Amino acid sequence: MELRKDKLLMFYSEGKESKEAKWAVNDPMSKSYKLSLPSALRPDNLLPGNRLRYTDASKSKSSKVSWYKTILDPGSEIVLKWNWVFIVSCMVALFIDPLYFFVPAIGGDKNYPCARTDTSLSILVTFFRTIADLFYLLHIFIKFRTGFIAPNSSTRVFGRGELVMDPKAIAWRYIKSDFIIDLIATLPLPQIVIWFVISTTKSYRFDHNNNAIALIVLLQYIPRFYLIIPLSSQIVKATGVVTKTAWAGAAYNLLLYMLASHVLGAAWYILSVDRYTSCWKSRCNGEAGQVNCQLYYLDCDSMYDNNQMTWANVTKVFKLCDARNGEFKYGIFGNAITKNVVSSQFFERYFYCLWWGLQQLSSYGQNLSTTMFMGETTFAVLIAIFGLVLFAHLIGNMQTYLQSLTVRLEEWRLKKRDTEEWMRHRQLPEELRNRVRRYEQYKWLATRGVDEEVLLQSLPTDLRRDIQRHLCLDLVRRVPFFSQMDDQLLDAICERLVSSLCTEGTYLVREGDLISEMLFIIRGRLESSTTNGGRTGFFNSIILRPGDFCGEELLSWALLPKSTLNLPSSTRTVRALVEVEAFALRAEDLKFVANQFRRLHSKKLQHTFRFYSHHWRTWAACFIQAAWRRYKRRVMENNLTAIESMENEEGEVGEELVVVEEEECVEESPRTKMNLGVMVLASRFAANTRRGVAAQRVKDVELPRFKKPEEPDFSAEHDD
């Protein structure tokens, strides 16, 4: 025991293991059973006496592995949650990047405008862009630590395949596939261009800053947008859908459409600024005068330069480039200049450009009036193409998601229409049609068009059992007949219960019909009646409420030691008074449950069955009624016997006094006459009563008693 407790091994000098070592290694109950010999022979495991302490390799390995070296399962919960977080961060990053297009702006006054850079906006956008880049960097790290399913593994024939957890194989596969795209999407290229490239080449900033920013952002925007596609595919493979609700899916597609409008509006803005400054440059290069035009004069940083101020007073560049004069054709960019969009505050610029982009995408650019400038016409063509594709994509996906909200309702409407056509074709009477309509309506309200039985049968057995237990256990325990059973038997019952719905006026079973299931009422009321009382004119009716059951003839049949295949007949007619929800135990399932009943050996269960059985209740009521009648008859017989004895005694006394009565007949008092009349009436009543008792005895002999229900066998286990 001491060796087993400490898990110690001893090795002989010639290299043979001792019996103790073999015992410890071969014992499956020992923690050392999973360990290999090399892990036990490490020097740090040595103990005095040439003994080694056997440690749990799994625990020591897990304790030494750091969190950043852990390999993740691509289908695990943490990877799925990260994919959701990353796809949200990607959407935010895609909205942030086009904001760089609003950094170039037009400053100065109306008469002497100049090109400027919105520094405060640059700082703000750079800050949020850097945070978004950190999410991309973290995503690269997670992909280096996420396993994958072997593509050529033979295990993919069945199941999902073999999961590769080797860090080197994971890294090599990632580098060969998506690493380059992820790296390009992660690089902070706009920050580098704005804060390092343009700042160091200040003299050339006016010529190149707009084009450089637009080019860098657009080139990096493509791989960033591409990352959303495989990410959405991974979420769909793992969960089946991108969004959990239809409204979220519709909002997601609408957000993508707004993103396209956002990008289009930002591109239109920077092209408008570029078109405006291009006019300045062309007029500046062609201007000749006392003061030559220099390109840096057009920059707001040189506004306080003496030469620039002298040139601004005599130049005609700004007048010739004014969109109101019509000297220079701006085409689709004219509104940005005439409405001072390029010189407004950021929020004014942004929302106007967003509206312009949304308007052009929705109208496919039909209201655009372009010039002969090739760049402008190309931009208009792209607007028409992307507008058509994106709008069709939006409408299609929105329709799909929104239709999924009412797909069940639409199926029910189609089924209802088909049912109406069928009833009209078969010329069913209005009463039957109303019953069919009520049943379909009630079934829809109860299930919302979901076939619960098919849904549960498609799930694994263990999961189906847990769901049935959650749905049925509390309701089953409300039935007193089931409240006496243990949890194991209740689980078996819950697993076999099926829901049953009945509308008002429905006959669940009629007297004499075969019984195929036993019902346990959850909600509603049923009327159970019978005319089989053993005599003509017998009628008994009771109301079954939640907690009651009907069809116990099937239980008595199932509890028979050798029950036949023929189902029993119903002795009662059961009709729904209102809408009823119940659980049903079918005959084959009840046979299994009945076999479990026998193993309980419970008299209490037998008494509970008697108490809540309407057959036993009816028999008990008839039995008590018959006993009460017998008691009343005995009391009446005793009273009549006493009256007859009194009559006999009075008769003897009357014969002895007959002579006296005759002599005193003339002098008879009114009181004597009254006594004599009472005696005559009493004798007549006694005679009639004797005849009634005799007739009642004959009647009791002729009328059979109400048949006692069969006693279900709960106490013994029988061999098949």
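Note: Cβ is positioned from N, Cα and C throughout, glycine not excepted.
According to Swiss-Prot:
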TOPO_DOM  1-85  topological domain 'Cytoplasmic'
TRANSMEM  86-106  transmembrane segment
TOPO_DOM  107-121  topological domain 'Extracellular'
TRANSMEM  122-142  transmembrane segment
TOPO_DOM  143-178  topological domain 'Cytoplasmic'
TRANSMEM  179-199  transmembrane segment
TOPO_DOM  200-211  topological domain 'Extracellular'
TRANSMEM  212-232  transmembrane segment
TOPO_DOM  233-252  topological domain 'Cytoplasmic'
TRANSMEM  253-273  transmembrane segment
TOPO_DOM  274-377  topological domain 'Extracellular'
TRANSMEM  378-398  transmembrane segment
TOPO_DOM  399-720  topological domain 'Cytoplasmic'
BINDING   481-605  nucleoside 3',5'-cyclic phosphate binding site
REGION    597-612  region 'Calmodulin-binding'
DOMAIN    617-646  domain 'IQ'
CB contacts for Arg545 (nucleoside 3',5'-cyclic phosphate binding site) [other CB atoms within 10 A, all chains]: 11
Residues of the topological domain 'Extracellular' (107-121) by DSSP state, where helix covers H, G and I: 3 helix, 7 strand, 5 coil
Of Leu497, Leu577, Val593 (the binding-site residues), the residue whose Cβ has the fewest other Cβ atoms within 10 Å: Leu577
Neighbourhood of Ser529 (nucleoside 3',5'-cyclic phosphate binding site) by C-beta distance under 8 A, where only residues 6 or more apart in the same chain count: Phe539, Asn540, Ser541, Ile542, Arg572, Thr573, Arg575
Cβ neighbour count (within 10 Å, all chains shown) around Asp513 (nucleoside 3',5'-cyclic phosphate binding site): 14
For the domain 'IQ' (617-646), the number of residues DSSP places in helix, strand and coil: 30 helix, 0 strand, 0 coil
Cβ contacts under 8 Å made by the topological domain 'Extracellular' (107-121) with residues that lie 6+ beyond its boundaries: 99, 205-206, 209, 273, 277, 280, 298-303, 312, 318, 343, 346
Helix-strand-coil residue split for the topological domain 'Extracellular' (274-377), DSSP-based: 63 helix, 1 strand, 40 coil
Three-class DSSP secondary structure - Val593 (nucleoside 3',5'-cyclic phosphate binding site): helix
